[in-house]
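Student: Before I ask anything, let me first share the structure, which is written out below as structure tokens.
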Amino acid sequence: MLQNRFGKLAAAALAGSMLMGAAACGGSEEPATSATAAAPSDGASSAAPAAAGAKVGLAYDIGGRGDQSFNDAAAAGLDKAKSELGLAETKELEAGNGETEAAKEERLRLLADGGYNPIIAIGFAYSGSLKKVAAEFPDIKFAIVDDADATGPNISNLLFAEHEGSFLVGAAAALKSKKGHVGFIGGVQVPLINKFEAGFAAGAKAVKADIKIESKYLSQPPDFTGFADPAKGKTAAEGMFDAGADVVYQAAGGSGSGVFEAAKAANGLAIGVDSDQAKTAAADLQGVIMTSMLKKVDVAVFDFLKSFADNTVKAGTTSYDLKAGGVDYSTTGGQVDDIKAKLDEFKQKIISGEITVPDKTS
Amino acid sequence: MSGPAKSTFADRLLGRVRLRGPVVLVAPILAIVFAGLITSIVLLITGDPPLDTLLLMVEYGTRPRSIVLTLNSATYYYLSALAVAIGFRMNLFNIGVDGQYRLAALVAAAVGGAVTLPAPLHVALIIFVAMVVGAGWASIAGLLKVRRGVSEVISTIMLNAIATALGAWLLNKDRFAVEVSGSNNIGTKPIGASGQVPGLELIPGTTSKVFGLIILAIAMGILYHVLINKTRFGFDLRATGRSESAAVASGVNVKRMVLIAMMLSGAMAGLVGMPQLLGASYSYSLDFPTGLGFIGIAIALLGRNNPVGIAFGALLWAFLDTSSNILQLHEISPDIVQIMQGTIVLSVIVAYELVHRYQISAGQRRVSRQLASATPTQAEGASA
């Protein structure tokens, strides 16, 4: 009896702690890093901005610096600004898994109270909280990546045309596919990732109208593990290669490395996302990455900080599309050199408006 | 059910055996000392000064705005822990509170967004729907246990995964969700003003408001106490928890009790999402908080299934959560907070077990002393 009861309890506690542990794994490797060693000893007292350069506050989404994906791209922009613009101080905070909007609000308020100006929020999850906090601190400039819903006189919305970049890699996939069969793997089934899929499918079909496209999402919200589970990415990609696909595009954040492994094992090709993954992936996997869809969050973050330094911050939407060079495809490794002319032709057509890329899957 | 000597570890762990006398205070003090010690060691290893860190957390945690944040988080943690505690009281391990509250909040948000009613009715309808959905989802595990003997631990964990998938399917533009213009978020249609519960300005010195539904949480705590301790149902429930065979012998329909307790637990779980939904979000969207059900398990253990104990546990947990932001601002890893929370749960379990064992052995010593001094006419044994 005792063993039975205790066993049950142990199982319960174990399951609970495992799940909490899993949630914790979404957290960081490294906490915030700071440009200057001296952190403000009292957050509220140093309200006046430092004379030399700006004190920049950055609020990451889940994963924070070190996620080798979206947040890292923002961090790269910040690092570049740090060395080139001479920022006085930077402070990086990151979101916890499953936290409420109140926690995000508090994070932004702490930065605002601490005299950080400008403040950049990474990810659409900050939409509601940024809107509120920005209204409370009209003298501080805010920027948010991937969201156009939070608007205000002191909010800059940095948006990307992921569907346009995905169109180009979709076309590249179709041009490179020998079997006329390609695949798309999304991290989590959210509207943002649907944009990648829609653009990819449109691009592939523009090359070959009857192309076969496999599509799979690794997890459904509120389960966001699909962005951080290489094993899931590998299984999904293996399924696609087994089914006959020979090029797979992944928009799955940290799960992408699994897709590359599967591509290598199947002698197929893979397409990277966000950053130039033929440079950032593990050395033995770089060869399978024919190209990557570049989403230049680093450029957006840097541009915003530069405009702050120049005192030319523009409130409202700044669109980082193909035209502005905010999205693009990479040519590292030379695997798409033979089709580059065709891809650039598509690129020009999108820029000129001759092709309108859908941003939703039909 | 005679003396403490006959109690099992689980009985003591879940607060079914009460401590008596001055040791009541010893256990929590011991737990705090344990937790403080281990956390200090962790902080020293990571190179942060323990005392300064603690002072920083206390200073930040007592600011008016932080108090409001703490109270708000504690509100849903409390409801979640109560939901778990109802099951614990009769040896049911409802690990499914997480899935139950998420599904309940989603459906309730969709219903609340679809209708417009006079204010009190609108709120009541949303809460009612949430409780029904929570109870309904939990009843699946209850029925499986009663009819097929499936352990509720397994079935509720699996139902969590199913609830996630079902929620993702429902939160789609073809079904419950509407697009938030210009945003990458999707959520249910926002609940109108009549369905929102205004906040309370309880804490002076800040404009932040405490969830109006904190009153509901307090009421549920009182209801839980009355139900478990003052009603026949509560007696049957506790009796079934202590000894199923004894309960059957005294005429309790155990299967019926399992199903009802599971549904009550689920209905309480349905309330978990309500303070956030009706007090802040007004819509169930991609960023609705998750994982509250698992935190509830830890807090129920922390509070030893006692409504007052759980309240303290919920407040402590919420305080630690709130202070994680300030730690980040001072270059201390926010993961320290999670280590503290885990340490506290373990310390409480260990401290209470130690005190219980002390009490048992003290009782046995007392009895043997009495036996030694008195003439051994009654050889009754040490079951005092």
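Keep in mind that glycine also has a Cβ here, set from the backbone N, Cα and C atoms.
Quick paste from TrEMBL:
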type	residues	note
TRANSMEM	B:21-46	transmembrane segment
TRANSMEM	B:66-88	transmembrane segment
TRANSMEM	B:100-117	transmembrane segment
TRANSMEM	B:123-144	transmembrane segment
TRANSMEM	B:153-171	transmembrane segment
TRANSMEM	B:210-228	transmembrane segment
TRANSMEM	B:258-278	transmembrane segment
Student: Suppose I define contact as three or more CB-CB distances under 8 A, residues 6 or more apart in sequence; do the transmembrane segment (B:153-171) and the transmembrane segment (B:100-117) meet it?
Tutor: yes
Student: I need to check the long-range neighbours of the transmembrane segment (B:66-88): which residues 6 or more away from its ends have a CB within less than 8 Å of a CB in the stretch?
Tutor: 14, 60, 94, 97, 100-101, 152, 202-203, 206, 208-211, 213-214, 216-217, 220-221, 224, 228, 241, 261-262, 264-266, 268-269, 271-276, 279-280, 289, 292-293, 295-297, 299-300, 302-303, 305, 307, 310-311, 313-315, 317-319, 321-323
Student: Would you confirm whether the transmembrane segment (B:123-144) and the transmembrane segment (B:258-278) meet the contact rule of 3 or more C-beta pairs below 8 angstroms, pairs 6 or more apart in sequence?
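Tutor: The answer is yes, given that the two segments have at least 3 Cβ pairs within the 8 Å cut-off.
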